[in-house]
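Working notes, beginning with the structure itself.
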Amino acid sequence: MAKTNGFMGHDMLAPFTAAWMIDMGPLVIDKAEGSYVYGVNGKKYLDSLSGLWCTVLGGSEPRLIEAASKQLNKSAFYHSFWNRTTKPSLDLAKELINMFTANKMGKVFFTSSGSEANDTQVKLVWYYNNAIGRPNKKKIISRKNAYHGSTYMTAGLSGLPSLHLKFDLPPPYILHTDCPHYWNYHLPGETEEEYSTRLANNLENLILKEGPETVAAFIAEPVMGGAGVIIPPATYFEKIQAVLKKYDILFIADEVICGFGRLGTMFGCDKYNIKPDLVSIAKALSGGYIPIGAVLVSEEISKVIMSQSNQLGVFCHGFTYSGHPVACAVALEALKIYKEKNITEVVNKLSPKLQEGLKAFIDSPIIGEIRGTGLVLSTEFVDNKSPNDPFPPEWGVGTYFGSQCQKHGMLVSFSGDHVNMAPPFTLSLEELDEMISIYGKALKDTEKRVEELKSQKK
């Protein structure tokens, strides 16, 4: 259908898309209703990833649409430069300060995306250390397999080789420590807590090797999303935070995916007792209806930044759309809905059925691990149920599973041989049953495909 609608070989340079996909023609989405999206091909798809982890209230929440329309009719745009701003941006900043309770925050800086938020974090960390007389404390430690965005800085922070390849990344001041994927990387007989201890020791050794006086911050998602929903092993963040505190290294919590209920708590920091100095949010902040992100800055860092800006005459960082009034109005309405619906309770009621329903497929011979919490889950396909036996990349097992899901009427995210699902919080029990059913059908198709490929290999 894409061809007949004139979209084959289209003119858009599409993100995270190979040229051969463009030549085939894209799946073009025409409209959204609740948990479903509809293509111009007339087909209906259950959206099991909430767009890109963001449309948590479904695709047709009238209150968010009304909030945007009302603000557009009142004031479509005004900036927040030079001590000028709009009421929605001030109201949203106050609401976020009150809402985030894992640590006391002092200020909110608005962006248009999670990438911009994480990019801003690095500048704030450098600005802060310069202000307090630590000009050499600039290195940022991230984790292997992490995803923190795709700007120059945040692609460097990301620990995925594909984001670095041919982009001359990462820069030398960005370092990467272990990915905390217990199933994949633990030693024989090693418990989760022992694994966490080893990773914390490795982090400390990296800091000592680089020189603690040169390491400024550590960035982490509470649960790693793009890496394939990596759940932190027992005591991991407790041990990591102890190392950071020992060497006076700031903690940046990337809550872009985890924030606003996805894990069954309002923020991932609440679930894992993380006390961050800086926090990045986006995606569900507006329910995905309009681009907006934000940086939450601790009281201590806020005071230093404000003092430094007075000395310099200006805090010289910002974007045209920082605190866009329409985006802020939509975000305010989204936060109201989360409170009214007690969204974490909604997630915790749906979570057991999603987790148990999909984890029931763990005995499949092509599945190594199904991992998840709250309303987020990932399936990792391997041979012999072992992380040491991946399928040949050219087999495209994860891609094939994703294509079969689409054929049966459901959209998932796939990267390599892991497949992610993070459905809207508005999902009905019937829709959840449909999701599990389609997953099972696609899995059978994929098992058959793997058997065919194995027989051809003999």
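Any Cβ shown, glycine's included, is placed from N, Cα and C.
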According to Swiss-Prot, which candidate in Asp11, Asp30, Asp248, Asp254 joins Gly114, Ser115 at the pyridoxal 5'-phosphate site: Asp254
Between Ser115 (pyridoxal 5'-phosphate binding site) and Tyr147 (substrate binding site), the C-alpha gap once rounded to whole angstrom: 10
Tyr147 (substrate binding site) - helix vs strand vs coil (DSSP): coil
Other C-beta atoms that fall within 10 angstroms of the C-beta of Ser115 (pyridoxal 5'-phosphate binding site): 23
CB contacts for Lys283 (substrate binding site) [other CB atoms within 10 A, all chains]: 28
Euclidean distance between Cα atoms of Tyr147 (substrate binding site) and Asp254 (pyridoxal 5'-phosphate binding site), Å: 10
Additional residues surrounding pyridoxal 5'-phosphate, by Cβ distance to the Gly114, Ser115, Asp254 centre under 8 Å: Ser113, Glu116, Ala117, Asn118, His148, Gly149, Thr154, Val256, Ser280, Ala282, Gly293
